[in-house]
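Undergrad: What follows is a single structure, and I will ask about it in a moment.
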Amino acid sequence: MKKYGMLNSSIAKILADLGHTDQIAIGDIGLPIPSDVLKIDLAVTIGNPSFQSVVHAVHEDMTVEKVIAAEEIKTENQTQYQHLEAEFPHLIEYISHEEFKKKLKHVKAVIRTGEATAYSNCILQAGVYF
């Protein structure tokens, strides 16, 4: 039995398989996920698990060199905006929500949270730790 790090086996496998510049997304319950992209659905109830808790847990186990989020988060969801800025200082690129949704076609997986607040989504790009 695994003792530390990511315990969810689906997420742990995706993280272990990522190469440099590969991307995964973490999204709220309303994010449209392309049908041909792997969905890891963690949503249990509204708000559970939260976007922030999943982002933090994944970041603990992943080398991240870049984060992509919707520009709209800055004005429409200050709580999540501030969390991303604190979790990933100087790593975030902001694009329109429409462009963000188009980029989902190229991610390795989307982790769906129970978050029910606007624009609680991000794409994490894998870096290297050496």
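We number each residue from 1, going along the chain as drawn.
Every residue gets a Cβ built from N, Cα and C, even glycine.
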Undergrad: May I ask you to find which of HIS20, HIS97, HIS106 TrEMBL records for the substrate site already listed with ASP28, TYR119, SER120, ASN121?
TA: HIS97
Undergrad: What are the sequence-distant neighbours of TYR119 (substrate binding site), meaning same chain, six or more residues apart, C-beta distance under 8 angstroms?
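TA: Within the chain, TYR119 (substrate binding site) has Cβ neighbours under 8 Å at ASP28, ALA69, ALA70, GLU72, ILE73, GLU76, ASN77, GLN80, HIS97.
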Undergrad: Excluding ASP28, HIS97, TYR119, SER120, ASN121 themselves, which residues in that chain have a Cβ inside 8 Å of the centre of the Cβ atoms defining the substrate site?
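TA: Here the nearby residues are GLY27, GLY30, LEU31, PHE51, ALA69, ALA70, GLU72, ILE73, ASN77, GLN80, PHE100, GLU115, THR117, ALA118, CYS122.
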